[in-house]
Amino acid sequence: MATLSDIGVAAGINLLSAFVFLLAFAILRLQPFNDRVYFPKWYLKGLRSSPSRSGTFVKKFVNLDFRSYLRFLNWMPEALKMPELELIDHAGLDSAVYLRIYLIGLKIFVPITFLAWAVLVPVNYTNKTLELQLKNVTSSDIDKLSISNVPDGSDRFWTHIVMAYAFTFWTCYVLLKEYEKVANMRLQFLVSEKRRPDQFTVLVRNVPPDSDESVSETVEHFFLVNHPDTYLTHQVVCNANKLVKLVKKRKSKQNWLDYYQLKYSRNNAKRPIMKTGFLGLWGEKVDAIDHHITEIEKLSNEIAEERERVLKDPKSIMPAAFVSFKSRWGAAVCAQTQQSRNPTLWLTDWAPEPRDVYWQNLSIPYVSIAVRRLIIAVAFFFLTFFFMIPIASVQALATIEGLEKAAPFLKALIEIPFIKSVIQGFLPGIVLKLFLIFLPTILMIMSKFEGFTSISSLERRSATRYYLFNLVNVFLGSVIAGSALDQLNTFIKQSANEIPKTIGVAVPMRATFFITYIMVDGWAGIAAEILMLKPLIIYHLKNTFLVKTEKDREEAMNPGSLSFNVGEPRIQLYFLLGMVYATVTPVLLPFIVVFFGLAYVVFRHQIINVYNQEYESAAAFWPDVHGRIIIALLVSHVALIGLLSTKHLAQAAPLLITLAVVTIWFYRFCKARYEPAFVRYPLQEAVMKDTLERARDSNFNLKPYLQNAYIHPVFKEEDDDEEEEVIKLENESVLVPTKRQSRRNTPVPSKMSGASSQSLPEAVPEHSVP
């Protein structure tokens, strides 16, 4: 069991690690040849150029201004200077609101920490329960600062109950103000935002098949009839997944060709040779440049053939389309209403912005999505609960007892005080961190299989699963399995009616494990985030072997974007730990406050200088953030109820149950009051925005702006002539009357890409259905 000295050693190691990472970052960011790694966002915006230094050759690569090294922490105040409104304009609302998650952590836990240390720590520490009553249960110095040190039935527990109420009410107050603030920020952002294609466009899925008309004709006919005054244009969805794979393969071959050509240009004496087998390890030896030129030509021919097939084969057209309207009001009406008497047909939803579309999943038949999600739900259930077995097993080995049992020959080394402190205060957190490395990738693959059509929805679903996994495995698994295994010998030797008491005392004893995890994952992990060691290495490798043009250099320094599906669940774990242990083991709270403070500064710097926004969802993820903090509150209530029930204070249960009910009521109130702003677009706002835009730019032609917005990106890489052919998917622009005799004709010009739609004439031809 870790002692205060062990935790102190671990804290020292992690603080030292964090300081080393920050110092390395401060030095590396000052070097001219690393400028594109640590400030890529400004390069991509065209607001920064490579630093030019006159003088010696060394100065072009190394910063010899030693005074700049004395200000190695000046990036911190610089990161805090940019006002929030400027930050929104610079990085988008998603990034600004993401930072508010760290800020809300500080708003909640800084006051709670001061109050808990001022009230609860003295109440807990001035008892001798663990020393006198439970000598047979393993405990540590930290446990003496926890609720476990309060004797059974003591009136001191009422202090913990009062603090639980105070912490809950303060958290709810902060959440209420933040929800209101973010909802207003979202509405203001949508009102003030510039014109975007997704504001006028709806994604229509499950278009019913028609033997007489193509998908494009069916879509056009339906919307000309049912939205005659607002429909403008549409773009059908095609299955270009195979074409995308071929294009990616050709790009990979091109990169290798660039590498070998650069290599040859630096040494003309010898042509580069390669083997054609697996990973170049075996196979026939060939000229590398000629081989890749041949492969690229072959792939180019395959791409041309596949592109022609996609354009002409009706089977490549999916029963889905992006439908654009003349106004935001028209799009809002369509996106937020049922289009058909059959609720499973003509399903409409707001289209993601073009950058946010996950094109591969648009080719998935809508009818198969329910089956896919059921399969993934079952798979996730087994992944979550079976993953607990290796985690518990390896964590058992990451203890002093586990290591001595598995490797008796290391006992002498392990018993050295410093080594023992490192193992108890550092190793368990590292082991858990290593086990979770590949989890986000696995969960993202599962989300993609489910068929979500936007990157933002994929990340939100993956984040939800990651949070549930952390809740079950990292929190409940570590508390229940860890505590129970630690006290297993005691359970066997004592009477059955003493077991609940032992469990009640043992649960808060896992605080030492979570403190080490916070230091490893939070402190050192956040410091490693800003060092960006992996992007640094990749950039210099690409810049050395692949970069030939400025465009190549921009691709090499591409920093990526915030990984919401990884970062947000990690933040929520700290909210959960803070809420649960605030009344149980307050000593954990300062570690959480340090994490939120450091993370806020680091990610503010990264968002301003590094990460490039991949999409903009206008903070659509905030209801998930709010809901998970509420779950953390409820888990803390349940944990406290269970703990006090072992302390002979059953009369406290009704009060804590009441607190949980009030928390649930608060969640439902916020959901009803603020969540609609995140799932629906008010028609009043749409009309206001349309009116203002028409007044400012009455001559703007919306149709050309929207006509090509949702063409598959793989076609946009082709030349202009080919792109024009894509716009004409399936047919040329001609008058197309409906081919069905049982339904109304389309009495206006019909074009594949959507001609300018007119209102239906008052007189309907006689042969049409009235």
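Placement of Cβ uses the backbone N, Cα and C atoms for every residue, glycine included.
In TrEMBL this protein carries:
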- 6-28: transmembrane segment (TRANSMEM)
- 7-178: domain 'CSC1/OSCA1-like N-terminal transmembrane' (DOMAIN)
- 101-120: transmembrane segment (TRANSMEM)
- 157-176: transmembrane segment (TRANSMEM)
- 199-361: domain 'CSC1/OSCA1-like cytosolic' (DOMAIN)
- 372-644: domain 'CSC1/OSCA1-like 7TM region' (DOMAIN)
- 374-398: transmembrane segment (TRANSMEM)
- 418-445: transmembrane segment (TRANSMEM)
- 466-485: transmembrane segment (TRANSMEM)
- 514-533: transmembrane segment (TRANSMEM)
- 573-603: transmembrane segment (TRANSMEM)
- 652-669: transmembrane segment (TRANSMEM)
- 737-770: region 'Disordered' (REGION)
- 744-760: compositional bias 'Polar residues' (COMPBIAS)
Which stretch, 101-120, 157-176, 514-533, 652-669, tops the Cβ pairs under 8 Å count with the transmembrane segment (573-603)? 101-120
Let me spell it out: take the transmembrane segment (157-176), skip the flanking residues so only those 6+ beyond its ends count, and list any with a Cβ under 8 Å from a Cβ in it. 104, 107-108, 111-112, 115-116, 119-120, 123, 147, 150, 579, 582-583, 626, 629-630, 633, 636-637, 640, 644, 647, 649, 652, 655-656, 659, 662-663, 666, 670
Cβ-Cβ under 8 Å with the transmembrane segment (652-669): same-chain residues at least 6 beyond its ends: 157-158, 161, 164-165, 168, 172, 175-176, 626-627, 630, 633-634, 637-638, 640-641, 644-645
